[in-house]
Amino acid sequence: MSGPERITLAMTGASGAQYGLRLLDCLVQEEREVHFLISKAAQLVMATETDVALPAKPQAMQAFLTEYCGAAAGQIRVFGQNDWMAPPASGSSAPNAMVICPCSTGTLSAVATGACNNLIERAADVALKERRPLVLVPREAPLSSIHLENMLKLSNLGAVILPAAPGFYHQPQSVEDLVDFVVARILNTLGIPQDMLPRWGEQHLVSDE
């Protein structure tokens, strides 16, 4: 199996819930174990942007997402924001990589400054200190100097800043195609196989002949 086997996926309050849900589904299909974290703001955004109605309690949410993604029992584990005994909170048992998708600028700021006010922030702090892959997917426009400085700081610390900015060279035909572009780039960054998007040069999408 190429790429990390156990991944923490966190969703925060930026717009773009579709990205996080699609990424979760892809990770499940690639037989990865996913530790799922979600902020209250992200749950509100999800209710606004999608027809997915997540239960509030972690145990019920875990059962819902397991069925929603067709996951095996125990493949998706959901932890509450104040569950400091959860594996992502400790370097000795945390998953091999972490993705925050979407990543709000507030969470970006907290991670950049080492704040650990909730499990998402702590899990990101663990990923940084343990030198494990950390991918942040911000979705904000325009970006202030503060946002850019925080992104630069995190990049210098080893994190990958992967904006939710889909390309168009694959000639997307739907919103789902645009979502898949970003999710495919996340999977590529993690070293996880994906067939949603050809790598540049693998397929000539435009020809003058």
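Just so you know, glycine gets a Cβ as well, placed from its N, Cα and C.
Note that TrEMBL annotation is computational and uncurated.
The annotation domain 'Flavoprotein' is assigned in TrEMBL to 6-189.
There are 24 other Cβ atoms within 10 Å of the Cβ belonging to Ser104 (FMN binding site). According to TrEMBL, the feature FMN binding site maps to Gly13, Ala14, Ser15, Ser39, Ser104, Thr105, Gly106, Thr107, Cys116, Arg139.
Annotated dimethylallyl phosphate binding site per TrEMBL: Tyr169, Arg185, in sequence order. Around the Cβ of Tyr169 (dimethylallyl phosphate binding site), 11 further Cβ atoms fall within 10 Å across all displayed protein chains.
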Lowest local Cβ density among Gly13, Gly106, which the record lists as binding-site residues, within 10 Å: Gly106
Spatially closest candidate among Gly13, Ser15, Ser104, Gly106, Cys116, the listed binding-site residues, to Tyr169 (dimethylallyl phosphate binding site) (Cα to Cα): Ser15
Three-state secondary structure, Tyr169 (dimethylallyl phosphate binding site) (per DSSP): coil
Long-range Cβ environment of Cys116 (FMN binding site), under 8 Å and at least 6 residues apart: Arg122, Asp125
